[in-house]
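> Please find one structure pasted underneath; my questions will follow.
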Amino acid sequence: MATLSDIGFAAAINILTAFAFFIAFAVLRLQPVNDRVYFPKWYIKGLRSSPIKTGGFASKFVNLDFRSYVRFLNWMPQALRMPEPELIDHAGLDSVVYLRIYLLGLKIFFPIACIAFTVMVPVNWTNSTLDQLKNLTFSDIDKLSISNIPTGSSRFWVHLCMAYFITFWTCFVLQREYKIVGSMRLQFLASEQRRPDQFTVLVRNIPPDPDESVSELVEHFFKVNHPDYYLSYQAVYNANKLSELVQKRKKLQNWLDYYQNKHSRNPSKRPTIKIGFLGCWGEEVDAIDHYMEKIEGLTRKICAEKETVMSSTKSLVPAAFVSFKRRWGAVVCSQTQQSRNPTEWLTEWAPEPRDIYWDNLALPYVQLTIRRLVIAVAFFFLTFFFMIPIAFVQTLANIEGIEKAVPFLKPLIEVKTVKSFIQGFLPGIALKIFLIVLPSILMLMSKFEGFISKSALERRCASRYYMFQFINVFLCSIIAGTALQQLNSFLNQSATEIPKTIGVSIPMKATFFITYIMVDGWAGVAGEILRLKPLIIYHLKNFFLVKTEKDREEAMDPGTIGFNTGEPQIQLYFILGLVYAAVSPILLPFILVFFGLAYVVYRHQIINVYNQEYESAGAFWPDVHRRVVIALIVSQLLLMGLLSTKRAARSTPLLFILPVLTIGFHKFCKGRYQPVFVRYPLQDAMVKDTLERTREPNLNLKPFLQNAYAHPVFKAADNLANEMVVEEPEPNRTPDLVATKRGSKRLLYSGSAETLT
């Protein structure tokens, strides 16, 4: 059981770690050589130029203005200075709505923390229940929890009133935020510029026809059923093999760039490689010639594969992107049933082109149910087997309890400093390490399920990650930790007393979660702003691969907000805060520090670093709302069970009302606000169409939409086809003279080309 000194020791470590990260960030971001790492968003927008190009040699790499180091924390007020409307224009609505999750946490927990420390803490502290219990492991922090209230005490009415306040206040804030975000979404959709997805729907499960191809069938169907608004269509091809070839060529091109760059630094020596297994043995050849030959051969394969895909009807997928002349027509088509058979001609809003996950468009629609069933079973086993390392982490947090049952471990951990480190810091960092690989696994599972957009993939991954966090990190930590912590009590008491011991012990897990919040929520958030991994990778690429300014731009890795990992992690703090607010309020200050610090850090990152891959106009907010409601219901049920073990018979029945009220509140919000996030109003579509036609009466959308939903790999293949050359068999050529598809001739040198007319 972690004591107050252990928590203090852990707090000191994490505060010093976070402060060290901030100091390192403040120094590194001022260096000109790191400018593209800490301000990539401004480079992408073309609003910032490299400071390396100006000044003397030393000033290109090191900031020599010592006055700037004095104001090393000025990035905090700068991050808060940009107003919200300007931030929406700068970063998009998704990023702004994501930040509102942190504000939601501050709005919910700050008033709760004030009342809890004013009322709850004195009520819990002024008892001596824990001192009177034998064979029970506890610390001074546990005296601030509900465990210190004697069984059957009338003081439980205070906790009941606190539960009602938490419920009503949380619901009030949730309803207000739902309304605000819904209004922001409608305003954003009404004011944004013309985009292809506003006029396009995705049609799936197109029925086969023996007399017509998919392309002909789509065109005939929509000309007949949507004669006034149908404009054009874009067929969907199974281009996964072509995509693999393009990606393979890109990797080979990176190696060619690397060896050409290496050769340019030392022209007297050409680089060589071994073409055997893993480059460890085999024939030694010229690296530049080797990769140029492989790239040329692969380019030919890419062009041939593209022709095969475009000409073969077998490559056509029973799906298509259908575009309309008006937004109104797209709205009607996306929200109505197209045929008598409800499983055919399924329509939905097309994601914006950069949001599409093209690999899954080729999946047959009938496979999706089977795939999701397989992943549901796999996720169950993944969650189950992950309980083993989670239970092991709990042993680190409950050393004193295990010492009583297993005395031979006591000499190994008796040193005070070591004990404080193990109990106050190690459990949190160990759990964090176990969870590092989980998001990648869940994303692979989401892709296998067949979702067609990156936003849907991230939302699905976030849903599974949240479920995993709730089961393993929260419930398993409480159950396993309680069993290990009170192992001696379980072994030496009658079976009728075990529920009582569990009821007293569950609030004591607050100490473990405090250490986890400090490691993940304090030091982890501070480490996010340092961007150590992107910093190292950028400089490695800059040294080995970068030759041109374009290469330097591609070496930047701005990243994204990472909704699939960030939002479930935030939801864990909502669960902890709501569950322990009426049980052990000592957690609330640590959670408030996390929400405040994370809001400032991620606002800075969104302004200067992150470059969002897509824009869904805050479509994920219903998921955020639902998970907070689930956390609220869980807190009510756990408090109900806890009070039942404390024999608070008169107050417990009144808690049954709260889950019913909360579920009713959720259904009200779902019916009132959620339609804004899943459907587009016909009224708004008509208004936007009318205004557009008034301003541009001769507007022709066909050129704008013609290639908007063409597979990006086709564009890449077209570019390669224009660059591809066909060699003429001419011996003793110096340099090589080849004919291109355009009829011109090109002189090829090592790594360069010159065209002759």
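Any Cβ shown, glycine's included, is placed from N, Cα and C.
Here the structure is a predicted model, which means the values were calculated and not measured.
Not my notes, these are from TrEMBL:
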| type | residues | note |
| --- | --- | --- |
| DOMAIN | 9-177 | domain 'CSC1/OSCA1-like N-terminal transmembrane' |
| DOMAIN | 198-360 | domain 'CSC1/OSCA1-like cytosolic' |
| DOMAIN | 371-643 | domain 'CSC1/OSCA1-like 7TM region' |
| TRANSMEM | 6-28 | transmembrane segment |
| TRANSMEM | 101-123 | transmembrane segment |
| TRANSMEM | 156-175 | transmembrane segment |
| TRANSMEM | 373-392 | transmembrane segment |
| TRANSMEM | 421-444 | transmembrane segment |
| TRANSMEM | 465-484 | transmembrane segment |
| TRANSMEM | 572-602 | transmembrane segment |
| TRANSMEM | 628-645 | transmembrane segment |
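Each of the listed features needs to be described in terms of its position in the shown structure.
Across the residues of the domain 'CSC1/OSCA1-like cytosolic' (198-360), the predicted structure has a mean pLDDT of 89.
Tertiary proximity for the transmembrane segment (101-123) is limited to same-chain residues at least six positions away from its ends with a CB under 8 Å from its CB atoms, namely 144, 149, 155, 158-159, 162, 165-166, 169-170, 173-174, 177, 567, 570, 573-574, 577, 581-582, 585-586, 588-589, 591-592, 594-596, 598-599, 602, 624, 628.
Nonlocal intrachain contacts for the transmembrane segment (156-175), taken as residues 6+ away from its ends with a CB within less than 8 angstroms of a stretch CB, comprise 104, 107-108, 111-112, 115-116, 119-120, 123, 146, 149, 578, 581-583, 625, 628-629, 632, 635-636, 639, 643, 646, 648, 651, 654-655, 658, 661-662, 665, 669.
Among residues of the same chain six or more beyond the transmembrane segment (572-602), those with a C-beta under 8 A of the stretch's C-beta atoms are 18, 76, 79-80, 98-99, 102-103, 105-106, 108-110, 112-113, 116-117, 120-121, 141-142, 144-147, 159, 162-163, 166, 170, 466, 469-470, 473-474, 506-508, 510, 513-514, 517-518, 521-522, 525-526, 528-529, 561, 627-628, 631-632, 634-635, 638-639, 642.
With a cut-off of 8 Å between Cβ atoms, the residues of this chain six or more beyond the transmembrane segment (628-645) that come close are 104, 146, 156, 159-160, 163, 166-167, 170-171, 174, 470, 499-500, 502-504, 506-507, 571, 574-575, 578-579, 581-583, 651-652, 655-656, 658-659, 662-663, 665-666.
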